[in-house]
């Protein structure tokens, strides 16, 4: 039930109340986002098995992961524009449909000579991802009340992280590294069938459950937005303004360096672990799982900490330094011959590296207020994908020629560069400033002695 004062405010713009359907919407989004993220890493987490099955190079299998990064870069802004023009339901339908279609196409690639078909399936899934990554903040603001927005957004983002976790855990279990190609094809087909089944079920649910927006606006902010005439919003001008903001540009580069290292590490993890611990495919997957799960904890804790302290600059810098330290420790302990050590160091690394991601988004929203968060987080994502591709290719090549330690030292050097650059970002917290000023104005008014 809306409270009295909300009824008063909502009378002009219709009533303000939250819809019961909102949790179904966010959980459903989270689920097909999970399914899509699973498909991103399902090849990388058993890289060596697919290399043998298709008779291609490790580099070719790495490209199956990088295709996700590549398609995102040119398509981000057209899809963001579509989201603004056509709304949530269409974007949700297209995203979940492409995700299912890609999964079915992969089922046509169960022979060693059909590698191009698997590439096509993965490219279709990578298109779906463009329709998924930009949705969480929009779903949260359109469907949820002001006290639930952050929770809803983190549930929406959580799905993607969980999908990566499952993508590390499940493929090594479903597809054991057997010699016989027929048997291998059978194991791979089970994984592809399960994925396609889940993706299809989720698409059908989206058709049934997903609505454009709830019958009533869930918050006053939404009520205001819905009552305003839609003005033309220029993405190009907004991007130009953001790129002129020196602090934001520094953050964009440092965010890209950190997230790019994380993408490269995730994509190449199977190769690194198998190199030092032959036959440990399942544990390589579990180490990937550890990185993601500890990262989810890190993201949650850093979000709560920011809400409490508002120390954006300090927190970002500390977490960046810890990512660097974690990466250095991981680099020098990987070859010691103790798998449990790798689990511990990878966990610490994941905690800080993934914990950094929401910090970057929040810090960007502070530095760029009142620009749309969609645009600033979109640019951060593009930066992450560009560095992700560059680092994955470079680190893969360095590992092939000079070994895993050299590849990891390569990442360490860029994390060091990112730490130094983070120190130069000025904490120009415009959103905080705006909140403080509006409170200040209220307290000065004659009705509030």
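Every residue gets a Cβ built from N, Cα and C, even glycine.
Where the annotation comes from TrEMBL, it is an automatic prediction and has not been curated.
Quick caveat, the model's predicted, so the values are computed rather than measured.
The domain 'Major facilitator superfamily (MFS) profile' feature in TrEMBL is assigned to 25-430.
Among the features that TrEMBL reports, transmembrane segment is placed at 23-43 (among others).
TrEMBL lists 63-83 (among others) with the feature transmembrane segment. Proximity of distant same-chain residues to the transmembrane segment (63-83), defined by a Cβ-Cβ separation under 8 Å and at least 6 residues beyond the stretch ends, is recorded for 40-41, 43-44, 50, 90-91, 118-119, 122-123, 125-127, 129-131, 133-135, 138, 235, 239, 263, 266-267, 374-375, 378, 381-382, 385-386, 388-389, 392-393.
Within the chain carrying the transmembrane segment (90-107), a Cβ under 8 angstroms from the stretch's Cβ atoms is held by residues 29, 32, 35-36, 39, 79, 82-83, 117-118, 120-128, 131-132, 135, 189, 192-193, 195-196, 199-200, 202-203, 206-207, 210, all 6 or more beyond its ends. What TrEMBL records for 90-107 (among others) is transmembrane segment.
Taken from TrEMBL, the feature transmembrane segment applies to 113-134 (among others).
If one looks beyond the transmembrane segment (155-174) by at least 6 residues along the same chain, the residues whose Cβ comes under 8 Å of a Cβ in the stretch are 26-27, 29-42, 44-46, 132-133, 135-136, 139-140, 187, 190-191, 194, 266, 269, 281-282, 284-289, 291-293, 295-296, 299, 354, 358. The transmembrane segment annotation in TrEMBL covers 155-174 (among others).
The transmembrane segment annotation in TrEMBL covers 186-210 (among others).
What TrEMBL records for 248-266 (among others) is transmembrane segment. Beyond its flanks by at least six residues, the transmembrane segment (248-266) meets 41, 44, 65, 69, 164, 168, 242, 288, 291, 320, 323, 327, 349, 353-354, 356-357, 360, 363-364, 367-368, 376, 379-380, 383-388, 390-392, 395, 411, 414-415, 417-418, 421-422, 424-425 of its own chain at Cβ-Cβ distances under 8 Å.
Positions annotated as transmembrane segment by TrEMBL: 286-305 (among others).
If you look up TrEMBL, you'll see 317-333 (among others) marked as transmembrane segment. Counting only same-chain residues 6+ beyond the ends of the transmembrane segment (317-333), those with a CB under 8 A from a CB of the stretch are 254, 258, 261, 298, 302, 341-342, 345-346, 348-349, 351-353, 355-356, 359, 405, 408-409, 411-412, 415-416, 418-419, 422-423.
Per TrEMBL, transmembrane segment is recorded for 339-357 (among others).
According to TrEMBL, the transmembrane segment annotation covers 378-394 (among others). Here the transmembrane segment (378-394) has long-range neighbours at 59, 62, 65-66, 68-70, 72-73, 76-77, 80, 133-134, 239, 242, 251-253, 255-257, 259-264, 267-268, 360-361, 364, 410-411, 414, meaning same-chain residues at least 6 beyond its ends whose C-beta is under 8 angstroms from one of its own.
Only residues 6 or more beyond the boundaries of the transmembrane segment (406-425), in the same chain, are considered here, and those with a CB under 8 A from a CB of the stretch are 247, 250-251, 253-254, 257-258, 260-261, 264-265, 268, 272, 313, 316-317, 320-321, 323-324, 327-328, 330-331, 334, 363, 367, 391, 394-396, 398-399. Marked as transmembrane segment by TrEMBL: 406-425 (among others).
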Legend entry - Per Cβ pairs under 8 Å, the stretch of 23-43, 113-134, 286-305, 339-357 packing most closely against the transmembrane segment (186-210): 23-43
Inset, instruction - Would you confirm whether the transmembrane segment (113-134) and the transmembrane segment (23-43) meet the contact rule of 3 or more C-beta pairs below 8 angstroms, pairs 6 or more apart in sequence? - result: yes
